[in-house]
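Participant: This structure is in structure tokens; I'll ask about it shortly.
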């Protein structure tokens, strides 16, 4: 640190030495550039702080991304492990399937032994069923829970997608609104803005300019109005501040509520994650238990298979022994038959005479032997058939098992292919999910930007809404006036049309009535002729139908039927009565029609009079010569001219209505500015007029006083001329000083150039010396010379800067003085113009004063005193008003400063809130990503468990099918044994040509039952004949009886 500070210390010493060489008068104050540099330094520090905060945010985001990448790597490793486990399980499955095939083949060979161990296997089977039911129940409950969780996760994912779509729609709507607003702003102000921010800044700036214009340039005449306007502006500002404070509080409450909601959601998500972890651990435990049980089951099955193999070998040996025995028996049978036949032929040929007595016994014995041998032969044939049938069945089963094995292998290959396809789909979905996450992040960032833009546009929308409402109210007023005029025109048209329709109706009715009168006269003539004919033919009767006519009314027909239907009256009387009825009826109708005509004529006359009056008023209002309705009908050109005039007047009325609306708007504005209702506005204007008259009177008195001030103005002009001369002298002195300083600057610049040339020469000499002398002392001297040269250069630069600063200061002072001089010249010109005007006014007033001089001589002293008093009072009033205005301006400035500070604070809080919202959204995205990973892992685990369940189900099904087939085979074997036992015992009654079935079994049993019944009936009959009880044997009694008969013979 000491080494680094040495050059700065040397610089400070040199500067002190340089400043000590100059006089105290040359020392200047701290320049404005230093302040500017400080401000820039502060701004740079703020920028540095903001950049540091951004770097910290970026670091946090990088840490989050790294954590996410680590979690993804961990999940990828877990996926690889799971894939390895799946492969192991598939290999184990293949081994189990192979062993199962072997066991099935072995089991089918050893069905007989399984039948013997039926009781033991049933107990084991029941125990296995109970264990499997328990495991199935537990697996079903786990599967249901997993399905419910998956459904919930899918619903949450759908909700998130729906929220994303809604946010996209909202963002698109907001963008459209913002674009429309931007176009409206450009169209309204007839400007093209760079961005939306530029438009909003322009609106704010325009508003502040208007407020400043309203607050500044207050004229002397409108002090009261401006004070009231300022009071209203202060009230509005207070209302705005209150509204902003309330909106700020509402935003803070919303922010707190959103933070609370996010914390609650975070806690819920953490709880769900912990629950999922617990469930995963439980699933891992269950899988480990399932693996242990499956291994134990496999070991037991392997032991059973080994036992079955041993039993299979033993059974095969037994089958071979049985086949050998059967072959030996068949050989012995053939030999016995051949030997028996030869012996019988020799005995018969040699001992025919000797063995006649023993033939019966030997034949019977031979028959018995033949029957027994045939039975044994049939038995052996049946057993051979059964063995062949079993062998064929075993072959068929073996073929079916090989076909099933091939099917299983094909299914396993298909499952492998499906697994590869699912893995590829999972990878594609994972990439799609990552792309969707990136899109979601972009959408959220765009949403934040759109929110910011929307807030800015909301500010602009409010202003435009106010302007739009004002324009809308004006347009509505105009539309109302236009609609009222259109309604009047349409009413006039309808009145004219109705009058024309009435006139046409009356004319038509008149024509109809004339026709009816003619018809009635004709009818009367006919009636008179008929009366004469009836008098001549009174004795002839008239039928009822001839009294009526199709043109008569229903009322008239009813009246005529009263007399025509009465047979008591003679024909002449009937005719008189009927004609009288007809005359009365039509007479009443004529009267009614005449009254209607009179009323219609009266209405017509009334309408014509009203129309004529309307036309007269129209002609009077439109400045047209008077004309009647008939003239309008006869001369349609006048009607067209009149319509054109009406249209012109309507356009004028519209203009007048617009002007009236403008005047009403102005009146409302004036009443709002004056803080008076429109009803009391005239009183307020009268008061203002009175005050204006008073002010005019005061002005007249002030003009009188101006005469006295003219003399003072002349004196001031002389003084100003003297001051101007002195000012010119001062300017000349300053110009001389500036010229001297410029000369000094030129000399200093020449000295600088000389010094630079000398420095260059010294550097060249130093280089030459350094090339000649390589010693250390020369090098040190060179370094010292270089340092001296650098110090000299620095001093020269500092001198140049100071001289330039002084020159700029002097130039600025010169400019200020020149501006002051120009102001003074302008003021002098203004006073000259005022003096000329006053001279003209004075010439006019002097003429009047000569006339009134005699009248005002007496009251001159009193007027002077009053004028002096009034001037003093007016001065005081003006001073008080100016002081109040200054104080109010200061208050407004302080308020504007406070408002700007509050706006800055609000902007800062807004930025902080936006940052927090973005952080929360990032956390939300991380949680969503974690949830997606957990969902993926759960889906994979679900698939794995489903595959395991399917495998276990297949194994259980195959096991149950094998056991059922074993039971069925055992049942069939027992059935065969029962059939074979029955056939052996009842071989006489069994037909060997038929197969051994249920039908043949039933036939043999039926035959044996009938034979037994027959034999029992014979036995009972023999016993009855012999008189033997059931305890005694019938054979013994028969043999005794035969012996007794033999002895008797």
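In case you wondered, yes, glycine gets a Cβ from its N, Cα and C as well.
Automatic prediction, not curation, is the source of TrEMBL annotations.
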Participant: In TrEMBL, which of 310-331, 332-353, 354-375 is labelled region 'Disordered'?
Facilitator: 332-353
Participant: For the coiled coil entry in TrEMBL, name the matching range from 3-30, 115-142, 143-170.
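Facilitator: In TrEMBL, residues 143-170 carry the label coiled coil.
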Participant: In TrEMBL, which of 663-687, 688-712, 713-737, 738-762 is labelled region 'Disordered'?
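Facilitator: Of the candidate stretches, TrEMBL labels 713-737 as region 'Disordered'.
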Participant: Tell me which of 454-488, 489-523, 524-558 corresponds to the coiled coil entry in TrEMBL.
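Facilitator: Going through 454-488, 489-523, 524-558 one by one, TrEMBL flags 489-523 as coiled coil.
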Participant: On the 0 to 100 scale, where does the mean pLDDT of the coiled coil (37-113) fall?
Facilitator: 71
